[in-house]
Amino acid sequence: MLSATLRLLSLCPPESRFAVTLTRMQAWPSPPIRSLPGHGKPLRIFDTATSSVRELAPAVTARLYVCGITPYDATHLGHAFTYLTYDLAQRVLRDAGHHVHYVQNVTDVDDPLLERATRDGLDWRALADREIDLFREDMTALRMLAPDAYVGVVEAIPMIVDMVVELVDRGAAYQVDDDLYFSIATAPAFGEISHLSRAEMLAICAERGGDPRRTGKKDPLDPLLWRAHRPGEPSWPSPFGPGRPGWHIECSAIARHYLGGVIDIQGGGTDLSFPHHECSAAHAEVAAGIRPFARSYVHTAMVSLDGHKMSKSRGNLEFVSRLRRAGVDPAALRLALLDHRHTEDWEWTPGLLDDAVDRMNRWRAAVALPTGPDAMGLLAAVRERLADDLDAPGAVAAVDAWVGAALADAGGSAGAGPDPTHQGGPVRGSGGDVPAWGEAPALVRRLVDTLLGVDLEPVRPRGS
């Protein structure tokens, strides 16, 4: 009966099923990408599903989907480190000659958001808007490449419902009371991303938004597709009654709508490999009848503070906005993040920022010199390191070596040479309009900007 009803209602045009006004979410302004001589190398990156470093072999256009924030608190350094991973992946792919179609979602309706809004006496939409605005500011300051589509779950409700309808028609969904669940028995590849045992899955599922103990489910691991309306909660009309989507189906539907077919990377933090990426891939594969959902599943390691993973629930957070308000140069903060492999957990300490500021000062001093060692070797080295599983620390070390040689040749003086902000005419043979006062330092400034996203322009005092 349920399936027949959904088939009938799914024939109705979306505008008749959803009498709501949806506003398209806007991303932040993307920093410019400047050209470099030659082309970069193909990206080899660690794929969680195969537990190996594999060459990403996209078509002309690479398709990336990265899970975004739940906007109930400010951006912390764990978030920043995660999004840096996919910023670097985009830069490497673009440098290798690919176009990149990058989609990121925002979970702008979810239990943690609703709970925080209730606790603070705020409208949940106002809280989400405030934190999304702050996230945009942080991403802009850190010079993260913006997604081509920045999509809120609320605006994606129609496409999410359409995918739920497909899953019902394929016999992959069932009711528990008024809620809809997905049957993992219909997804033969379930578990092949995270490679966890069933006991591990059950334990993690309970910790990360699942409800394995709910009675009436066919399998304790079956994830929620559609949560029927509860008093005091937001809801939207659908063929199966008012409610709101489950967490995992949101990304499945948004990724398919904006990227289609098989995508090249599904990305996020390591804490998303299960259940989120496992379930969202299962939804997409069963709905479309196509496997795999993604060619590579890429996960960024965790950042700790005081011995524990940074998390909103624990409250051990270092916020990007707080550091910016304290006067920290965002370029130095980005450089501190770049000094860590995306596959390795690490701990944040204030000393890391001090080291990054010192490094930034040396880099800026070196590119301000009138001349320096040949930079083409450095360009090749940075490309080599980043193409090898986004080895940002290796790329940073290569720049350090060039900077050390440049400063040594100049006698270690940071004041040598003309004003680095003066731009002369272009010099031929360097791949673009590099300043005439020094081809090598100018190329280094350009490659550090383009490949690492670090702006080596000197910081000017406010009001100057």
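We count from 1, first residue shown onward.
Every residue gets a Cβ built from N, Cα and C, even glycine.
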Among ranges 14-24, 25-35, 47-57, 69-79, whichever one Swiss-Prot labels motif ''HIGH' region': 69-79
Co-listed Zn(2+)-binding residue [Swiss-Prot; alongside CYS67, CYS251] among HIS229, HIS257, HIS276: HIS276
Listed range which Swiss-Prot flags as motif ''KMSKS' region', given the options 94-98, 309-313, 369-373, 409-413: 309-313
Cα proximity to CYS67 (Zn(2+) binding site), best match among binding-site residues THR82, VAL106, TRP247, THR270, VAL303: VAL106
Residue among binding-site residues ILE69, VAL106 with least C-beta crowding, 10 angstrom cut-off: ILE69
Outside the motif ''ERGGDP' region' (207-212), six or more residues from its ends: residues with CB under 8 Å to it: 111, 220-221, 223-224, 247, 271, 274-276
Check: same-chain CB within 8 A of Zn(2+) site center, minus CYS67, CYS251, HIS276: ASN105, TRP247, HIS248, GLU250, GLN266, GLY268, LEU272, HIS277, SER280
Residue with minimal Cβ packing [other Cβ atoms within 10 Å] among the binding-site residues THR82, THR270: THR270
